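The annotation transmembrane segment is assigned in TrEMBL to 149-169, 181-199, 246-263, 370-395, 407-428, 434-451, 463-492.
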Amino acid sequence: METYHAYVDAFNARIGKSTFGRIFRLDGCGHEDEIKHTRFTTEIRAGLTSFFTMAYIIAVNATILSDTGGNCVCNDTADPLCLKNSEYLICKQGKSNVNRNLITATAAVAGFSSFLFGFLTNMPVCLAPGMGLNAYFAYQIVGFHGSGLISYSLALTAVFVEGLIFIFLSLVGMRQWLVKVIPVSLKIAAACGIGLFLAEVGLSNNAGIGAIAGSSSTPLDIAGCPNQYKDEFGACKSHKMTSPTMWLGIMCGGILTAYLMSYKVKSAMILAILLVSIISWPRGTEVTFFPDSEIGNNRFNFFKKVVSFQPLDRTLNVLDWSISKNSGHFALALFTFLYVDIIDCTATLYSMARFSGVVDSETGDFPRSTIAYCTDAFCISIGALLGCSPVTAFIESGAGIAEGGKTGLTAMTCGLCFIISMFFAPIFASIPPWATGCTLILVGCLMMRQITSINWRYIGDAVPAFVTVMFIPFGYSAAYGLIAGLMVYTALNGMIYITKVISGGYIVPDDEDHREYWTIKPAGRLPWFVSASQTVTDRLRGTQSKREDVMLSDRSGETDWKYRERIGSNGSHRELEAVIVQALPTDPRHEKVFAKMGDMK
């Protein structure tokens, strides 16, 4: 064993010192920005963990999107949903059916997006068609069997255009500025809320161990019963917490994984997922993924193929540009996708960046953020061309990060696995949800650890943060959770500010000294059009001050001591004020210092 470890260490050291290691900033590469404690083998293992945690999206996304009927057309007036129309069902379920197309499309989109994102950004974040966004696309925009607002093809056009708009917003810096202007506690709360959201997904029926389900009397209820005791909505009528698959997932996928993690076993999550999957594949057992039913037979027949590739003859480039016929509904769909995605994608990507530890504590930004946001936007448009709903940073990437992934090699490995799965879709589509459910719960636990960083001492920060943490899992949406937190933050702190102004500063909260400093102009580079407009305005007025000169020089790399050396020790009060502004850019108490300087003048 020692010989094996010595060989692995030597191999990692050799990779780290190579040009390859320098490109990805591996430990030992000698680059000034090298990432400490990054090893090639660890990155590969982390990528495999992310893939096995995300692999359920291949089958789940295809199932959800195929409910739209794809580009199959239903024109039966007697049967508006074409539930019994043989021609429509042949189109949807025939040899070249929509579901099989979407399995290949989902794997292709996830593979291409994750690989490209990892290569360009060097971040361990994987991309795939987003859960929640796909359900909104399928059931509210297109509708079951095309019964919604617009057709499947027109909805894909809206997604394609949305990606192009995102690229523009990323290039001008709007998405980066949006992330930095969000209060710190809310950004931390969003990451914690996503952790709870992951845990909720891991507990659910469709993508988890099935321990909870919806109920007619309560929003959530204890589940975990065998399938024969479930109603049409998945709720348990009896025999709760007796499902063998649930307990298999808890014991082998949860308790065993946590046990191995306590001993720092590097492949704990992968081993648990593989173990539960292998136990669930034989037929005729209580925990089989292939029960003796029509659904089970279809799964098993597909599983037996092992190697299979389905051409994209029903989903590839089926965009419909006849926008004028349904311009109102198209605009509504585009706007809805846009505002939900700009919050959801941006918040998720930032949360994963923060979880991987690459967010700058001073600027609130992370390296290559513009490239990251542009790549994310570009992949949205590529996904639409292949027939998929919007692509987003996957919160399951946290599993790979928790496994030790710190560079883009993690995402690239995950992407390669998805590309390979295009040809082994029968295997990867047969990983049962109870094999990955507890992995999601454990990742949620790891993401919740940063909740202690929220500013709980000031009510104006604590309440909005709590609303964000609470609303994301209960609202089943990272976007709406963050929107709720921002609304509460604006309303609460706006009222406090108005009261303070009206009272002349006499009526203030007792704990105001503990509030987090917030500004509409955060540290770091502003969007270029904001800086440009400020420069034009200042030049037109002819009143550009030394303070603005210092801020610009700071962005160009001039440090505080260099500036003081340049102006000399006999600088004016205005110049001294500029130095203090530069030294204390985020301290609200500097206003008192400036007031005293004004008196000195």
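The chain as shown is numbered from 1 upward.
Using N, Cα and C of the backbone, Cβ positions are placed for all residues, glycine too.
TrEMBL entries are annotated by machine, without manual review.
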Under a Cβ pair cut-off of under 8 Å, which of the recorded stretches 149-169, 370-395, 407-428, 434-451, 463-492 contacts the transmembrane segment (181-199) most often?
463-492
Cβ pairs under 8 Å between the transmembrane segment (434-451) and the transmembrane segment (370-395), at least three:
no
What else in the chain is close to the transmembrane segment (463-492), if you only count residues 6 or more beyond its ends and a Cβ gap under 8 Å?
132, 182-183, 185-186, 188-190, 192-194, 196-197, 199-200, 219, 340-341, 343-344, 347-348, 351, 395, 451, 454-456
When each of 149-169, 246-263, 407-428 is checked against the transmembrane segment (370-395) for Cβ pairs under 8 Å, which one has the most?
149-169
Sequence-remote partners of the transmembrane segment (407-428) [C-beta within less than 8 Å, at least six residues beyond its ends]:
24-26, 35, 38, 40, 43-44, 46-48, 50-51, 54-55, 58, 103-104, 107-108, 110-128, 302-310, 397, 400-401
